[in-house]
Ligand SMILES: O=c1[nH]cnc2c1ncn2[C@@H]1O[C@H](COP(=O)(O)OP(=O)(O)O)[C@@H](O)[C@H]1O
Ligand SMILES: [Ca+2]
C-alpha cells in the first residue's frame, strides 16, 4: 500500500461502509423498479365475459349486452355495455291478449346477441329478464294472465342457447335500488381509487348520487338521505366495497308519464259533443281516444262517465293551466290506485347530487333543458313550447315521433311539478340534478345494477389490491428513479472526493 492510499484510508475511515451502503441501496432501488414494472405490466389473460339483461318496460323492451374482463369482475367500473337493442313494438304487457307474440317480438334482439357474443360462450352467458311497472299493473288487473304472459316469454327465450335465469316482475324498490347502483357504479362513486396509495391512506369514500327514473308507468326516487330512513319498506341496505349504505327509495306506481297522462285526461269532464279540452297539448292538436282502450288501466278506478266510445281531445296550449291540472293529480284521491300519492308518502329531504334518466332525460333533452338551467328559465322554455301551435311544432320537428312530440308539453310540465312539488326540489337545489341518458357509454337504468347484483359482481368488502392504478404506478416509478439518481450522484461525488484527495496526496 502506498503512503497516499494509507493516508486516504486514515483520513476517511468511513468511506468503505458508505460505498457499500450506497451500493446496497442501489441494488434495492433497481429491484424495486423492476418489481413494480413487472407487477404493473404483467400479462393478464384477456378472457372476456358477457351478460344479457332484458328490460321489459311498460312502453317497450330493450336488450342490453354487457362485457367485462373475467379477471377483473370485482373491480369497480369494469363492466361495460356492449350493445343496446330496442325490441320492435310495444312493451310485453301490451301482449296480454296474444301472449305468444310477446316472446316472438324478442327474436331480432336475441339473434343479435347470438351474433355478438362468441358462440363458445353462449351457454355460460347469463340472461335475465326483468319486467317493470307495465307488468305490475297487468298483474293487478289479472294475475293469471300476467303469469301466462311471463311463462310464454320464458318458453321462447329458452329456445336460445344462453344461460337463462328466468323472467320476473321486479319490485319498485328493486327498480329504484338497482338504478342507484348503476349510476354510482358507472360514476365510480363506490370507490374513487382502489390503488395501494389511496387504500393505505384510509381509502376515501365518495358521496353517492341520487337516482331519478321516470318511466311510462312508474317513477322512482332513490338517494342516501342525511338523517335516518323510515319506514322499513322504503329502506335499502347495501354493503359495497367495504362501505355500508342506507338508501331511501320509493316507486310511485301509476306516476310514470304515460299513466299520469291517462289520470290527467280522466279528470276532465267530457262535453256533450264528446270532446275534452286540455291545456297540456299544443293548440290545434287533436287526438281521438278509444275510451275502453285508453282508460283500461287499474290506475283509474272505473271508466270516465261517458256515453261515447271515442272521445276527442283538443289542445289549448297553456302551460300555466296545465300545471294546475298536474298538481291536482298529486292530491286527487278520485281516480288513483295509490290514494294520496305524494303528500302522504314519507320522503326525507332530498340532498346531494342527482342523476335523472329515462323519460326525465328524453323530455328535458328535447327542450334543451339538460344544462342545469334555473327554474325560471325552465318554466319559460316550457311555457313557450306549449304556446306554439301544433302545426308549427310538427313542421319544426318532422323527424320526431308524433306520439312523443304531441306529449312533450304535458311531459315537461309533469316533470316540473313532479320534481318540485312531488319530490320537493326547490329553485335552490334543482341544479343538483343532471339529466343524463348515458354515463361513459352505458345507458343509465336499473339493468346494469340488476346484473351486477345477481352475478355477485359487487363485493361487500374491498377486494385486495392486485395491481397499481396508473397514478400510483407513475408516482412510485418517479420516487424510485429519483432515489436511484440521488444514490448515483452521491457515489459520483464520493468517488470524485476520493480521487481529488488521492491526487492531492492527502
Ligand atoms: O325519445 C323519447 N322521447 C320521449 N319519451 C320517450 C322517448 N323514448 C322513450 N320515451 C318514454 O320513456 C318512458 C320509458 O318507460 P318504460 O317503458 O321504461 O316504462 P316503465 O319503466 O314505467 O316500465 C315511456 O314513457 C316512453 O314513452
Ligand atoms: Ca323503465
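Heads up, residue numbers simply count up from 1 along the chain you see.
Placement of Cβ uses the backbone N, Cα and C atoms for every residue, glycine included.
Worth saying up front: this structure is predicted, and the values here are computed from it rather than measured.
What TrEMBL lists as active site, proton acceptor is 175. Residues or ranges marked as ATP binding site in TrEMBL: 216, 217, 218, 219, 220. Look at TrEMBL and you will find 18-39, 473-493 tagged as transmembrane segment.
A straight line from the CA of residue 220 (ATP binding site) to the CA of the residue listed as 'active site, proton acceptor' spans 7 Å. Sorted by the number of other CB atoms within 10 A, the recorded positions 175, 216, 219, 220 start with 216, the lowest. A straight line from the CA of residue 219 (ATP binding site) to the CA of residue 175 (active site, proton acceptor) spans 9 Å. Long-range Cβ contacts of residue 217 (ATP binding site) within its own chain (separation 6+, distance under 8 Å): 58, 132, 133, 134, 136, 137, 253, 254, 256, 258, 259. Long-range Cβ neighbours of residue 218 (ATP binding site) (same chain, at least 6 residues apart, Cβ-Cβ under 8 Å): 58, 132, 133, 136, 172, 175, 251, 252, 253, 254, 255, 256, 259. For ligand 1, none of the recorded positions lies close by, meaning a CB under 6 A from one of its atoms; the full candidate list was 175, 219, 220. Annotation note: residue 216 (ATP binding site) sits in a coil segment as assigned by DSSP. Compute the center of the Cβ atoms of 216, 217, 218, 219, 220, which mark the site for ATP; besides them, the chain residues with Cβ within 8 Å of that center are 58, 132, 133, 213, 214, 215, 251, 252, 253, 255, 256, 257, 259.
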